[in-house]
Amino acid sequence: MAEITVGQLAQQTNKEVDALLKQLKSFGIEKSSEKDTLTPTEMKTLLEKINSAKNTATRKKVTSVKLDGKHKINVSVKRKRRVAKKMEQQESTTLEQPQELETMVQEVSQQVDIVKEQDNIEQIVENKEAVKVQEQRQAEIAKPVIKDSGFKITAMPEIKIEEIVAEDDEGLAASDKQAKKKAAKKVFSEAVNTNTKYKCEEEEKKSKAKKAGGKGFKKANPRQLSQLAGDLESFDEFGAKKGKLKAPKVKKQEFTKPVENTVRTVEIHEGITVSELAQKMAVKGAEIVKVLFNMGVMATINQSLDQDTAILIVEEMGHKYTLHNENALEEAVTIVDRSSYKKISRAPVVTIMGHVDHGKTSLLDYIRQTRVVAGEAGGITQHIGAYSVKTDKGSITFLDTPGHEAFTSMRARGAKSTDIVILVVAADDGVMPQTEEAIQHAKAARVPIVVAVNKIDKPEADSDKVISELAQRNVIPESWGGDVMFVNVSAKTGEGVADLLEAVLLQSEVLELEAFAEGLAEGVVIESRLEKGRGPVATVLVQNGNLKQGDNILCGTEYGRVRAMHNDLGKKIKAAGPATPVEILGLSGVPAAGDEMVVIENEKKAKELAAQRSQKQKEAKIAQEQSLKLSNMFNNMGKEGEQQVLKIILKGDVQGSVEAIRESLLKLSTDEVKVDIIASGIGAITSSDVTLAVASTAVVIGFNVRADSAAKKLAETDGVEFRYYNIIYDLIDDVKKAMSGLLSPEMKEQIIGIAEVREVYRSSKFGSIAGCMVIEGVVKRTNPIRVLRNNVVIYEGTLESLKRFKDDASEVKKGLECGIGVKNYNDVREGDQIEVFEVIEVAKEL
């Protein structure tokens, strides 16, 4: 046996050193400090002292087992148990038990037998049935017995059953080992029963403890059971080893309540939904809906919020916020550093504006020495044309905008992308509505104006009248002390055209127009269309940089690579500098007129930015529709009847024309008839347009386009009619007629005759009969009537009889006498008037 110090023994037995020294002294082992060692002889003496403190008690128990019938079997069980006496306590605070110390010493020596218990169990079994009964009996005894004493046990204390059987002699017989294991099993069963009863029935435990003390037995308690050392293995009667027996545990959920709320920093982007905002603040979506409701906003968890509303919600709930910069990618891609480049003078961009048929395109045609007007339907410019003209004093880029009312937005775009505006006013017509509008656009864009008084060659031309009318609209000529140059021109004879160009170039010198000729190109989309065999085609005005074939470009929500470029004469070019209009091919789709064009080096970034812009447009459209729902509800409140809707599918040749027609048609909507353009696009009418028209009962309108063969066949089958136009006035007039057809006819009353009562007769069959003279119009038998007394209507009904002398009459004309019987009315008096009227339908007009 290895030597051990007093300190090590005290540490392994979980006892204080002073208490252990006193206990060793009581056993006759003198030690003075914790560094003193214990010899094997002293350890053996210590064990003998512990064993001598134990007593052996014998107990016999006889039980009776019933068999079938009247037979009984007596079962006698003898138990021997060693019970250790309590050692005298040296200190009141220290609990010293021989069993504890014995277990501790066993852990040190590991080969000394501390506890020797032998239970002689004699069982008398006469037959196999008695053995089975005994097994059932022992199983019932092993179960804990809980009486209904008003207490509820949620869990038993965890009891570790450990092995306390050790071998003292290597030659111990196998039968003795088996007996020890069975004895350990019995001790555990009784201990569990005692522990359960101790917890459930406190009073019964005390009474049983007294009885057990009288017979020399000591009752086990939970504290003693918890102090058993080693692993006690449980075996059944046949020696089969069982698993470790443990009392069930009760799982407890540990939760620490937060002391204060967590303040989060929420990143808010435009169009954030309620559910996304709730997730970032770690709250339920219903809480945010509740906050919105308190703010007077009805919302769902999937509804998008603007940034201002989201900020209010975050601050209301006690969190911080940061705004997400959604334009970071756009700023990084579209902003071009041109600090290393030098500016050069560029050609002026001139827009020709004015009223319809005042000669804008004719003037430009004379300047370009071409016949552009011949190619326009009806002599009216349908979309913007961009042309570059070279003169002796420099180049000028012209933009020709439509003049009639439908193309307001196109004129506004032309004014934004131009340097100088040539305002064409016909000398024989004066200032017209589109002339005033052109002046407003030019002033809003802060663009200088040069007035061209056209058609000066006509005899009825009056330029002084034009000057006077423009002066009233704050366009003051230089001759009157203003800053606007007036030039009399004739697009037919060419008179004054050279002076006009000189005035434009002079104005451009004053403006000192400059641009960067190098670097990535920037510009604006003047016009766009979809051409068969070429795909999307965009007319672009380059404003800065150098646009080259093969560049990656981004136009609004469309992107692509420049596959080909053509100038205003239709010739292919490889590069285009500032103030140069070009047609480009290669875009992914048709961009909107007015979109900015920018060259991006990385095609992947261009695609990503285009997708981001498209998503923004969709979100903005959804938000706008959501905001209009409530206003539409209030606008429709109190209106009688259902609003008729004229659905239209519009296809055009160019983007600008489609946009202008769309705006003009939407303006035709009234409270009774609404124009709904369910689809619009560029290019020929296809079979998908026909299918959509059938599904939505819409009218298909083509402006300068036609239907393809597949669409025509499908239209014949489904009965869809196409309407083709090349003049916008005709299109608008036909749509007005179609809207008038949807209007419900108006019912109007028309008085057709008046009869004056001269005398009243009594009839047994008809009651009161009025003898009348028809003084106006004609009285008809089948028409409704009104009875007037002193020009006040006192009755309205129908005629029951109308007679001329004794014969029935269907009508009586003016100047003839007749007898009139009013149905369900007998209070007819002399001097009354009987008014006959009819209800007619009158078609409504817009």
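Just so you know, glycine gets a Cβ as well, placed from its N, Cα and C.
Quick look at what Swiss-Prot lists:
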DOMAIN    345-512  domain 'tr-type G'
BINDING   354-361, 400-404, 454-457  GTP binding site
REGION    354-361  region 'G1'
REGION    379-383  region 'G2'
REGION    400-403  region 'G3'
REGION    454-457  region 'G4'
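Feature map: annotations from Swiss-Prot on the structure.
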residue : record           : Cβ neighbours (10 Å)
Gly354  : GTP binding site : 28
Asp357  : GTP binding site : 16
Lys360  : GTP binding site : 28
Ile456  : GTP binding site : 22
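Tertiary neighbourhood of the region 'G4' (454-457): same-chain residues 358-359, 362-363, 424-429, 463, 488-493, 495-496, selected by CB-CB distance under 8 Å and a gap of 6+ residues from either end. Under the DSSP three-state reduction, Gly354 (GTP binding site) is assigned to strand. Residue counts for the region 'G4' (454-457) under DSSP (helix as H, G, I; strand as E, B; rest coil) come to 0 helix, 1 strand, 3 coil. For the region 'G4' (454-457), the predicted model reports an average pLDDT of 88.
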